[in-house]
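K.L.:
Take a look at the following structure, please.
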Amino acid sequence: MKFLLVFDFDYTVIDENSDTWIVKCAPEEKLPNKLRNSYQKGHWTEYMSRVFRYLGDSGVREDEMKRTMTTIPFTTGMRDLLDFIGKNKDLFDCIIISDSNTVFIDWILKAANFHEVLDEVFTNPATFSGTGYLTVQNFHTHHCAKCPKNLCKRKVLEEFVDKKLHQGVKYTKIIYVGDGGNDLCPVTFLKKDDIAMPRKGYTLQKMISQMSEDLDPVQSSVLVWSSGIEILSHLKLLIKE
């Protein structure tokens with residue numbers, strides 16, 4: 001018996017958007033209007049590249065960014081949930097698929113001592129340049145019309161499950177925990193024995209509800225959550241089964 005837990009990061013593991021939290025480092029904690037208005041739908045990573053360039057130009061350095069990012073709050077109950085998963089790694093594989101970046105997620109998980117709970121983190125690769133600027137790249141290229149151009153979470157999930165299958169691991173269930181519009185595509189990959197867990201009141205829950213109303217429901221069961229404790233309770237039930 002082996003379960004795969006798939007987590008989004010922003011507004012799921014943490015109770016904020018890591019990319020907008022970094023703006024606290026900017027002069028007066030805000031971005032110039034011209035920069036703020038330069039975002040184009042589906043091109044978030046390019047937008048964040050410009051934000052990081054602005055922060056670099058403003059003299060914001062790595063240690064200050066790290067200090068700011070590690071104050072980001074975890075979603076209620078998520079610390080307990082990750083603790084539980086960490087103590088039951090024989091039963092759970094656990095991955096993050098996120099539109100954030102490797103630097104932010106690494107900082108946040110390591111500061112909270114959760115980096116070893118995760119088997120893999122799939123997100124946009126970021127690094128500090130020789131001049132101290134944070135740079136970020138697209139995670140991959142894909143041909144999915146539904147997803148932002150830098151990341152199709154379904155493609156990542158499919159490839160991961162396929163890789164594990166080749167290693168002899170077939171999951172009893174996949175449990176997908178997320179909140180946003182870009183979490184719908186991977187949820188449509190789930191089968192009837194799997195569980196989609198959208199956060200209550202967020203975009204993913206609304207989109208899944210709309211699909212049911214349109215008589216095109218997702219194949220998996222759907223369990224709505226508000227805190228990590230509810231997810232934890234459900235995992236305990238699954239283990240008992």
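Cβ atoms here come from the backbone N, Cα and C positions, even for glycine.
These came from TrEMBL, pasted as-is:
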ACT_SITE  Asp8  active site, nucleophile
BINDING   Asp8, Asp10, Asp179  Mg(2+) binding site
ACT_SITE  Asp10  active site, proton donor
BINDING   Asp19, Asp99  substrate binding site
K.L.:
Relative to the Cβ position of Asp10 (Mg(2+) binding site), how many further Cβ atoms are located within 10 Å?
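P.N.:
The answer is 23 other Cβ atoms.
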K.L.:
How many Å separate the Cα atoms of Asp99 (substrate binding site) and Asp10 (Mg(2+) binding site)?
P.N.:
8
K.L.:
In the same chain, outside Asp8, Asp10, Asp179, whose C-beta lies within 8 angstroms of the Cβ mean position for the Mg(2+) site?
P.N.:
Phe9, Tyr11, Thr12, Val13, Ser98, Gly178, Gly180, Asp183, Arg199, Tyr202
K.L.:
About how far apart, in whole Å, are the alpha carbons (Cα) of Asp19 (substrate binding site) and the residue listed as 'active site, nucleophile'?
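P.N.:
Checking the Cα atoms of Asp19 (substrate binding site) and the residue listed as 'active site, nucleophile' gives a distance of 14 Å.
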K.L.:
How many other Cβ atoms sit within 10 Å of the Cβ of Asp179 (Mg(2+) binding site)?
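P.N.:
Taking every protein chain into account, the count is 22.
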K.L.:
Measure from the CA atom of Asp8 (active site, nucleophile) to the CA atom of Asp179 (Mg(2+) binding site) and give the result in Å, rounded to a whole number.
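P.N.:
If we compare the Cα positions of Asp179 (Mg(2+) binding site) and Asp8 (active site, nucleophile), the gap is 7 Å.
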